[in-house]
Amino acid sequence: MPWPFGPSGSSEAPPPQKPRDDKVEGREPAKSWNSLLPKPDPPLQAAKEWAPVFLTAVGSLAAFMFYQSYLRRFAGAASIQENFFRKRSLLGRVTSVGDGDGFHLYHTPGGKLAGWGWLRKIPEGRSNLKGETISIRLAGIDAPEGPHFGRPGQPFAAEAQAHLSKYILHRRVRAHLHKRDQYNRIVATVSTRQPFIKKDVGLEMLKQGLATTYEAKSGVEWGGKESIYKAAEAKAKAKKLGLWSIKASEFESPRDFKNRTQGNEKSERDVEGSTVQKPWWRRWLTG
């Protein structure tokens, strides 16, 4: 007799349950957590791995090029690259003035921002500066020639040198490079601040009547200021300033002076060569 209070009146055991078949019921099979994460794209993964290497190489190259262009110090005219001319300028301190249109520059790339004058010391004294400066010639002007090799110089040569020294010696200047001349000097348009206004050094020499515009048929570097320079020269000439105060009959331009003295030197060399004493045996043969 079956138990009256059971869950079922039947004495048969319940049928065993079959395992759920997700495919039959139309459900997706269970997935692990890792399988749910997006799989990386192989090219993208390679790019991520090589990106730091690429950026490091590009950054190093950029830093090297920046150093070469802006922070490398040039110790002389011979070390300046040809691609700098007519494109770049150099900042530096004037260490000496040789005449009315030339001086020596100690290159200080980066200026005070690079520590020059407070972290990096500029050498002093001829021995410490030997081989460390750039010879600069002012573009577009020609100052009176000073005495050379025992020969007298031109009038106002000393005044021109003194004025240029007072104007730029031991001061910071910026030289806009044009070319390298036959004497390995850098021809440049030079500017300085006096005290806060930017001044063209060559132009100021012309205004004072202590230089003429450069006289040559070709190859003159003006820095785009030929008309400005010639106008300043004309004004100084009209006011009879400096060398323009010399009488017209006695005036000799720096170019004419150099041509004359160089011609005299050549004539003297020719005379000396023609009067060289003959060897004794030639004198004996020729009588």
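Cβ from N, Cα, C; glycine included.
Taken straight from Swiss-Prot:
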type	residues	note
ACT_SITE	Arg137	active site
ACT_SITE	Glu145	active site
ACT_SITE	Arg185	active site
BINDING	Asp142	Ca(2+) binding site
COMPBIAS	18-30	compositional bias 'Basic and acidic residues'
COMPBIAS	254-272	compositional bias 'Basic and acidic residues'
REGION	1-40	region 'Disordered'
REGION	254-278	region 'Disordered'
TRANSMEM	50-67	transmembrane segment
### Summary
By a three-class reduction of DSSP, Arg185 (active site) is assigned coil
### Query
Distance between Glu145 (active site) and Arg137 (active site) at the Cα atoms, whole Å?
13
### Query
What Cα-Cα separation, expressed in whole Å, is found between Arg137 (active site) and Arg185 (active site)?
6
### Message
Rounded to a whole angstrom, what is the C-alpha distance between Arg185 (active site) and the residue listed as 'Ca(2+) binding site'?
### Response
14
## Note on the structure
Arg185 (active site), Cβ-centred 10 Å count of other Cβ atoms over all protein chains shown, is 17
#### Entry: Other CB atoms, at most 10 A from the CB of Glu145 (active site)
21
### Message
When DSSP is mapped onto helix/strand/coil, what comes out for Glu145 (active site)?
### Response
coil
